[in-house]
Amino acid sequence: MKNRKSFFRIVSIMLVAVLALVGCSSSNDSGNDKEKSSEDQVTVDIFQFKVEIKDQFEDLVKVYEDENPGVKINVKTVGGGNDYGGTLKAAFASGDEPAIFNVGGPSDVEEYRAYLADLADTAAAEAALDGTLTAVQEDAKVLGLPFNQEGYGLIYNKNVFEEAGINVEDIVTFEDLQNVVETLDKQKEELGLDAVFALPAKELWVLGDHISNMFIAPEFNNDIQEAYHAETIALEKGDELKRYLDLQNKYSVQPILSLDYSQQVEQLFSLEKVAMIQQGNWVYNSVYDMDPDFAENGIGILSVPVEGFEGHIPAGVPMFWAVNDKKDDKVVQASKDFLDWLYTSETGKNAVLEDFKFIPAYKDYDAEKISDPLSKQIYEFAEVGKTIEGWVYQATPTGWNQETLGVNIQKYLSGDMEWDEVISKSIEKWEAERQ
Amino acid sequence: MRNRDISFWLFLAPVILSLSLVIMIPFLYGFVYSFTNWNGINATEFLGFKNYINLFKDAEFRASIWFTTKFAIVSVILLNFLGLGLALLVTQRMRTSNFMRTIFFMPNLIGGLILGFIWQFIFISVFGSIGELLGIEALTGWLSTTATGFWGLVILTSWQMAGYIMVIYIAYLENIPKDLLEAAEIDGASSFQKFKNIIFPLVAPAFTVSMFLTLSNSFQIYDQNLSLTNGGPYNSTQMVAMSIVKTAFTENKMAYAQSQAVIFFIIVAAVAVTNVYYNKKREVDM
């Protein structure tokens, strides 16, 4: 009898434990979907990569939700190219797939093809500027919508240049740049500078993606698709790349290998400790947060001298919005509607220009409203056709730019690898990956 | 052990169930995947041992194993040394000993990511400024070379975990019978003799426990590695866990990363089991 009593006690304890487990797990699923969908509520999960616009984007989403009571939008932001790709993959692998997510170019498209909805019928795809869709176009299908345009180059401190008596118009060729850098270096005491450059060699995306891209893209005629199908790479402009890296390294704040993006932009450039940094228009918000006056009046962008492309700025579409085709039809439609609204409605357009400070990749925008000087300048470069298009690092073998080329460049900068080896090892890896 | 009736298994059931759901089954899945070309979304081909064969040719993976091993050896020694030292310190009759216990244990409560960023600031900015001020070259440029990255990681983990190990040693130290120590004192033993002949043998079980903990912990470090150096410069301070994550997500080779993980599991399990086996043998029974 006694045994029996304790047996029942055990069983009842176990039952409670199991119930608790089951109770926890099921509350997520049944709660949202079944009850709310009966009231025509649609939930759209957005997973986006641009940390710079996180708050502004969330505010805009609230406006949309107010205008469309039936739609609930959840925004999740994970920043930095590298982290985003990994987190997105993890989200898909775990079955927690977002309805709207970002893809970078042909490699990403290939990987997520089964999930990508055709967006050719959206108003936004209609309005996209010529050439901004090539990376995600397949026959008549449009598998993504451009985020914005971005451009990068050497961002310089106007005040310092003025004080040193340098006219930016004069900087065209590499030799010009070299002379200017030497002039600045001689006067760095009087100008209050730590060094001329801040080269964030800790960031593989700066070395492997941005710097390298300028010297790789011309080899593929600035065409993403061509790079994506290339069996090999010659790194024809390798010497130019080396020359440019050496210049930045020599005149940079040291040690470069532990220098990261935030130190470069916030600590060094915004506080006017360096004269030039190689970055893009996305730094504007960070500089603005540190020193609004400097951001508005004190900075400009210069083109990096690449032989044959002097005076050109690399500009292109960094990322695309993709809609998850495997979601419910209603969710897919709601996602498309939201993206259309974002890029073609008046409210959306204003936000894109004024709050996100984007350089639009769509027609019918009022260029006068581009509020920050860097974007405006890049837009001007684009207007006169002085851009290097094709961000081919989105089309190289996965991970090649950062994990192979970027890492090898780091080895070179720290003196552990000869430049010849950087070139040959990087080519080898490309060929091995494309077999 | 004797009466494994139904209630025994019923008691065990919830644990076995959850353990197999979150550990055993994923582990077996992963093991199977390591023989395929799984890319995270689907697997189309069965490759046999190809992933494992490639693994042995992979210099970067070997480098990360070697780096992790070096790190583990140094930090196991340092952590046990520090842990025992701190424990001896705070078990002295002092007014501040309780306060000090709290202080020493505190770093353990901060997450590894945050710790990494805090120490990154200390190594780069604080060390850098001090080095510049005093003209000490060695203090500038931390984390920009492999050696400073290595020692940065060692300092960070020692600082974080020493307090935890201390707690384990304290528990054993306080269990040492007072009469033994008293008897030794009457016989005229010096403090070093007391430590060598009484205290050290009697805290040996603590050594087993904390050596196992520190060993398995230093092998599996990821978050501190990520936030402090992110593997840089040029992936030379990349530990195995980080190498696996990078292979899987950045290079998009899920199955290959899975085979790395299997090898890693075998290494850690072998090291941990041997270590416990030998330490157990050494222990003195009272």
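Glycine is no exception: its Cβ is also placed from the backbone N, Cα and C atoms.
Nobody curates TrEMBL annotations by hand; they come from automatic prediction.
Residues or ranges marked as domain 'ABC transmembrane type-1' by TrEMBL: B:65-277. TrEMBL lists B:7-29, B:71-91, B:103-130, B:150-172, B:198-219, B:261-278 with the feature transmembrane segment.
Of the recorded ranges B:7-29, B:71-91, B:150-172, B:261-278, the transmembrane segment (B:103-130) has the largest number of C-beta contacts under 8 angstroms with B:150-172. Annotation: stretch B:150-172 has the most Cβ pairs under 8 Å to the transmembrane segment (B:71-91), among B:7-29, B:150-172, B:198-219, B:261-278.
Outside the transmembrane segment (B:198-219), and at least 6 residues removed from its termini, the chain residues within Cβ reach (under 8 Å) are 68, 71-72, 75-76, 79-80, 83-84, 157, 161, 164-165, 168-169, 171-173, 175-176, 180-181, 184, 240, 264, 267-268, 271-272, 275-276, 279-280, 282-284, 286. Through the fold, the transmembrane segment (B:150-172) approaches residues 67, 70-71, 74-75, 78-80, 82-84, 86-88, 90-91, 101, 104-108, 110, 112, 115-116, 119, 123, 142-143, 202-203, 205-206, 209-210, 213-214, 217-218, 221, 224-225, 228-229, 237 of its own chain, all at least 6 residues removed from its boundaries and within a Cβ separation under 8 Å. Taking Cβ pairs closer than 8 Å, the transmembrane segment (B:261-278) reaches residues 30-31, 34, 52, 55, 65, 208, 211-212, 215-216, 219-220, 240-241, 244 in its own chain, all 6 or more past its ends.
Beyond the ends of the transmembrane segment (B:7-29), by six or more residues, the same chain brings no residue to a C-beta distance below 8 angstroms of the stretch.
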